[in-house]
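The structure follows.
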Amino acid sequence: MTTKYTEDHEYIRVDGAHGIVGITNYAQDQLGDIVFVELPSIGQKLKKGDEAAVVESVKAASEIYSPASGTVTEVNMALAAEPGLINTSPDADGWIFKLKLDRAAELDALMDDAAYAKHTA
Amino acid sequence: MAEPQTEDLKTVVLNDEHVKLGGRMVPFSGYSLPVQYPTGIIAEHKWTREHAGLFDVSHMGPSFLLLDQKSGDAQKDHETIAALVEPLVCGDIKGLKPGQIRYTLLLNEAGGALDDLMLARPADPAWAGTLYVIVNAGTKQGDWSRIAAAAGGQAKLNRADNCGLLALQGPEAVAIADRLVPGVQDLGFMTYGSFSWGGTQLVISRSGYTGEDGVEILVEPEYATQLWNALLADPRVKPIGLGARDSLRLEAGLPLYGHDLDETVSPTEAGLNFAISKRRREAADFPGAPRILKEFAGDLGRVRVGLFVEGAPAREGAEILDASGAAIGRVTSGGFAPSLNRAIALGFVPAASSSPGTKLQVSVRGRLQPAEVTPLPFVPHRYVRKATP
């Protein structure tokens, strides 16, 4: 399993043809307390860079863009009741949606751990 | 995420303290100010409702208007200075009792709000002929020019925005301030006085904009850090940023200038009839009186209302629609209410759609969400009003 990152601070944890998407710890810290999450629909087809979800902090709404093209297979319903999971556990319980990837090769353009660490340094 | 522009931003006298406390500095009204500290907006908001929150509001516009030639008769001197500013506002300034603060509005000739502000009469007769004037940060230059012009050659406007202006708000705020500066708890809500503290004079008002009891303290710049830290030394006090300041005032249903109030909005439309003093109404002698008195009598196009919003927060600019889907207004402030754990908003709708319980809708990112007109404030005010001695 590998994790890749976008410049907009989404991550995608990839296992074969499937990926789990969320926002990074850096992003949740910048946004502050998350109070609402708008999730994509299951079966929704996304192209890389499409708006997939919206997270709302007390102050503002921020769009979450899909790190890759694919079909939404699952969304994290726990966020409806507890949007703060994105703050407390951005890379585990605070995941946002799962994606069946169209082309795994598309991920090569994203940053790996080391590049993302540099990006946020 | 766009990086904020930091050039040309002014800093407040407590800037270093905010940075030391881990405040996240953002541009606001031309100043660099903390939007939050490390604990975050929700924790800061709740702390203020339960204990005491310390806010740096030094970017605002405290000032003093001083009569040039005093007669020596305190009442007469007050009436003279009041008469200079009354033509600009809808409040009864002449009728202020010594030590009393009044919330009022600076109006244009069309009855629209140029700003909302506090005007106060000193308690000490030695200071008669002075008004303590506190205006908003974003409008202060214009407000001060207007007030100075109205004062003509008869009074001088002294800005005090080089000073520190601290607000301590919450149910424990007054007891904490009183321990530091004995006598503060004897002030009733919306009164103020001058107090000695550690070799300086503090101007302390029992007032605020969170819906909670509390004080606002004007302090000489040289003493601001010392006062800030003396207040923070009390374990019941935590520093609070702009984010929670906004969510607290929104829950309290209080309008924010530049959002819920602007040059087109009259005090009556904004639900601020209490700020149009009876004497002024009877005399019809304030800017925009024909329009405002007509509205006051019930002939009103639009009204500011509170909305409970289902689902995602409806932010400023979101369209408000009636139950049938017709667009009827816009949200002017909206967000998440930490004390209520739901989305709330302020906005303007036609009077016919303004009764509490009216079912409306808001458009958020192109989707309609249910909303319901709700009485203001969303969270009850807890001011401590004492009988004036």
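All residue numbers here begin at 1 and follow the chain in the order shown.
Note that Cβ sites are derived from N, Cα and C of the backbone, with glycine treated the same way.
For reference, TrEMBL lists these features for the protein:
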type: DOMAIN; residues: B:15-278; note: domain 'GCVT N-terminal'
type: BINDING; residues: B:GLU216; note: substrate binding site
type: DOMAIN; residues: B:302-379; note: domain 'Aminomethyltransferase C-terminal'
What's the number of neighbouring CB atoms sitting within 10 A of the CB on the residue listed as 'substrate binding site'?
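I count 24 other Cβ atoms within 10 Å of it.
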Quick one: average pLDDT across the domain 'GCVT N-terminal' (B:15-278), no decimals.
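Mean pLDDT for the domain 'GCVT N-terminal' (B:15-278): 97.
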If you run through the domain 'Aminomethyltransferase C-terminal' (B:302-379) with DSSP, how many residues end up as helix, strand and coil?
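When I sort the residues of the domain 'Aminomethyltransferase C-terminal' (B:302-379) into the three classes, I find 3 helix, 46 strand, 29 coil.
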